[in-house]
């Protein structure tokens with residue numbers, strides 16, 4: 001029955017539950033993007049509230065503080081991806097899925113409440129809660145990808161996982177829209193007291209409200225996460241309970257258990273090999289795949305997070321933020337993010353949803369890396385021109401980095417690790433790959449800080465940084481070409497079987513070569529004969 005259950009999953013028609021699962025699984029990624037992209041306008045509000053007397057740059061939060069705020073959530077994300085990835089394989093996807101979501105919801109609320117109102121205390125408590133927010137976000141990555149990959153059929157699996165990941169785009173848009181609405185409401189309420197040099201006390205409430213509202217959509221899906229059954233693949237292949245897998249599948253998909261329970265001695269699940277994750281056998285069979293997933297994700301996040309941080313320099317050069325009040329400043333930053341999201345970020349996600357099962361993961365990833373590299377070179381090499389002129393061409397090129405990241409490696413690096421590995425390692429390997437990505441994000445943050453010391457972007461340093469990002473993207477394209485396997489159109493079990501067969505073929509050929517070496521000069525024994 002076990003293999004019959006898996007075959008039924010691969011052949012299942014698109015149904016209501018697939019779309020329901022996209023919403024449920026995607027809310028964690030929605031919260032992730034909401035948190036990341038609401039930080040720039042919130043930092044503008046915090047700068048106005050707590051850095052009014054900054055002697056070096058009035059109202060500007062030091063770059064080290066900004067990096068610390070980002071670094072705490074990245075550290076939490078790395079730990080969360082590793083821990084929840086392992087727990088997802090050992091305890092089951094469903095059992096730990098709700099925990100990661102609740103961590104995100106409670107931490108988002110905690111960020112808003114950030115104890116006390118003195119600068120040091122607020123920043124320390126904000127960093128504390130952002131660490132736990134990162135834990136929840138990190139846990140959600142491997143679990144959401146794995147659950148969606150194991151529920152989907154093989155022909156539309158890529159589109160479904162990409163649709164889950166595209167919830168990030170809605171999170172970006174929601175964070176910007178919420179920030180604009182809150183800013184306008186507070187501005188209208190305090191219009192008589194506002195000026196460019198006066199920050200009302202209510203501004204300390206505005207940024208807290210923006211952070212806490214991000215927890216609402218995720219909190220609303222908690223009940224549905226708890227009602228989700230365990231994935232049939234985990235139950236059948238890891239717990240070896242094919243009957244329970246069939247029962248769980250019958251609850252959510254339009255398939256009868258009687259169709260799956262026909263007697264067929266050939267349709268029993270095969271017991272997985274007994275080798276553990278940390279073993280030479282695992283490295284021999286899956287080492288190259290794990291290397292490919294981890295390194296391409298690392299290289300992608302170096303570029304992606306650097307682009308996100310680079311927005312602060314765009315605000316300086318292209319937005320008039322000097323002669324404006326605190327709420328209008330946050331509104332302008334959020335409005336710019338909204339335009340980038342609508343014009344570049346969200347279309348990139350949905351281009352991938354449409355094309356991923358038509359042209360494949362590998363081609364999209366290579367194309368995305370290549371186009372990102374070209375755009376970075378176009379921005380970086382003539383940066384002396386871009387840096388001194390307000391130019392719409394520069395903004396278009398900047399938007400293209402997000403479009404080709406999302407219609408490219410930012411989405412595919414999330415999809416591929418959920419398809420390449422066996423069920424008992426799938427969540428763990430996805431977590432390892434994602435954790436390496438966040439390590440890359442940390443390096444990207446350090447590089448950006450080096451290029452913008454003391455909030456002053458140096459043209460030479462920025463040129464070096466941007467051209468380096470172009471090189472990073474080309475390296476990602478090369479690694480994708482050399483090591484990434486195409487998973488399009490195959491079931492998850494076929495991907496694993498193909499890998500095992502290729503490894504077996506390789507070692508058989510190697511053994512045959514050792515037994516019958518080909519030489520151009522005959523041995524003495526052959527001459528004697």
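Keep in mind that glycine also has a Cβ here, set from the backbone N, Cα and C atoms.
Panel annotation: around the transmembrane segment (21-43), residues 61, 66, 69-70, 73, 100-101, 104-105, 108, 130, 133, 136-137, 140-141, 143-144, 147-148, 151, 160, 163-172, 174-176, 178-179, 183, 207, 210-211, 214-215, 217-218, 220-221, 224-225, 228, 308, 311-312, 315, 330-331, 333-334, 337, 341 of the same chain, lying at least six beyond its termini, place a Cβ under 8 Å from a Cβ of the stretch. Sequence annotations record features per position, and here TrEMBL assigns transmembrane segment to 21-43 (among others).
In the predicted structure, the domain 'Major facilitator superfamily (MFS) profile' (21-488) carries a mean pLDDT of 86. Annotation source TrEMBL lists domain 'Major facilitator superfamily (MFS) profile' at 21-488.
Annotated transmembrane segment per TrEMBL: 63-84 (among others), in sequence order.
Summarising the annotation, TrEMBL assigns transmembrane segment to 96-115 (among others).
Here TrEMBL flags 127-147 (among others) as transmembrane segment.
Taken from TrEMBL, the feature transmembrane segment covers 159-185 (among others). Counting same-chain residues at least six beyond the ends of the transmembrane segment (159-185), those with a Cβ under 8 angstroms from any Cβ of the stretch are 18, 21-23, 25-27, 29-38, 41-42, 144-145, 148-149, 151-152, 206, 209-210, 213-214, 217, 327-328, 330-331, 333-335, 337-338, 341-342, 345-346, 348-350, 352-354, 356-357, 406, 411, 414-415, 418.
For the transmembrane segment (205-224), same-chain residues at least 6 beyond its ends with a Cβ under 8 Å from one of its own Cβ atoms are 20, 23-24, 27-28, 30-31, 34-35, 38, 41-42, 45-46, 49, 98, 101-102, 104-106, 108-109, 111-114, 171, 174-175, 178-179, 182-183, 186, 327, 330. Residues or ranges marked as transmembrane segment in TrEMBL: 205-224 (among others).
Summarising the annotation, TrEMBL assigns transmembrane segment to 330-355 (among others).
The transmembrane segment feature in TrEMBL is assigned to 367-385 (among others).
Residues 141-142, 145-146, 148-149, 157-158, 161-162, 165-166, 169, 286, 289, 293, 296-297, 299-300, 303-304, 307, 310, 314, 340, 343-345, 347-349, 351-352, 355-356, 361-362, 364-365, 367-369, 371-372, 375-376, 378-379, 426, 429-430, 433-434, 437, 476, 480, 484-485, 487, 492, 495-496, 499 of the same chain, all 6+ positions outside the transmembrane segment (397-420), place their C-beta atoms under 8 angstroms from a C-beta of that stretch. According to TrEMBL, the transmembrane segment annotation covers 397-420 (among others).
For 432-452 (among others), the entry in TrEMBL reads transmembrane segment.
Residues annotated as transmembrane segment in TrEMBL: 464-483 (among others). Long-range contacts of the transmembrane segment (464-483) within its own chain (CB-CB distance under 8 A, at least 6 residues past either end) are made by residues 288-289, 291-292, 295-296, 299-300, 302-303, 306-307, 362, 365-366, 369-370, 372-377, 379-381, 383, 409, 447-448, 450-451.
Each of 63-84, 127-147, 367-385, 432-452 was scored by its Cβ pairs under 8 Å to the transmembrane segment (96-115), and the highest score goes to 127-147. Remote same-chain residues near the transmembrane segment (127-147) are listed as 21, 25-26, 28-29, 31-32, 35, 68-69, 72-85, 88, 93-94, 96-97, 99-108, 110-111, 114, 161, 164-165, 228, 231, 414-415, 417-418, 426-428, 430-431, 434-435, 438 (criterion: CB distance under 8 Å, separation of at least six residues from the stretch ends). Within the same chain, residues 63-64, 67, 70-71, 74, 77-78, 81-82, 85, 138, 141-142, 290, 293-295, 297-306, 309-310, 312-313, 413-414, 417, 458, 461-462, 464-465, 468 sit at least 6 positions outside the transmembrane segment (432-452) and bring their C-beta atoms closer than 8 Å to a C-beta of that stretch.
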